[in-house]
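This report refers to the structure that appears directly beneath it.
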Amino acid sequence: MLHLVDYALLKPYLTLEEVVRGAQRAEELGVAAYCVNPVYVPYVRRVLRRVKLCAVVDFPFGAMPTAVRAALVERLADYVEELDIVAPIGLVKSHMWADVRRDLITVVGAAGGRVVKVIVEEPYLTDEERYRLYDIVAESGAHFIKSSTGFAEEGYAKQLGNPIYSTPERAAAIARYIRERGYKLGVKMAGGIRTAEQAKAIIDAIGFGIDPTRVRLGTSTPEVLKT
């Protein structure tokens, strides 16, 4: 199962020493990717050999202007194999779909072919919003829909009737939409995955097998997913 895991250390208070130690642990475990904040990318690049380096972009709010987001993606693409990019959440909630489309096509295009996972922040979305956003993610050329930053605000999510953590039901719904629309997208579930049992239930719910080009699990505790 570890070959499907994106090991993420993204808390804002983590030190360089802690993040580098995490990179060493990622290599030992043999996870799919190690995901860090952009400030640590050049340092972690020196450590990783087998494991792919992933950087988050505009994390966790998705609130920077498109030009800034694209410039950061272009710069990070010199160092990383993968990018987890937060969708422009405010624009999504404002139903400014043309602007959302323009942003994601521009930002994903700046990645130069790197694997891109667009974080849609499921806890904040209505059904109408999530399906419109999935369509735009597919059009943008991204490779994965990623469910959440793992930093969503519980109060707002509850107002919408949404869980803040990953569930098999949500994973199944994303995968079902992808299949129905014929999209060539993978699914990455992140947030609250703490046990091997949880992880297996989510993988089974997605139904894409155990292919890391189609399925990823984001967690800060990859050790518990060893099987």
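A Cβ is built for glycine as well, from the same backbone N, Cα and C atoms used for every other residue.
Features reported for this protein in Swiss-Prot:
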type     : residues : note
ACT_SITE : Asp84    : active site, proton donor/acceptor
ACT_SITE : Lys146   : active site, schiff-base intermediate with acetaldehyde
ACT_SITE : Lys188   : active site, proton donor/acceptor
Original post:
Relative to the Cβ position of Lys188 (active site, proton donor/acceptor), how many further Cβ atoms are located within 10 Å?
Top reply: 28
Original post:
Just how many other Cβ atoms lie inside 10 Å of the Cβ on Lys146 (active site, schiff-base intermediate with acetaldehyde)?
Top reply: 30
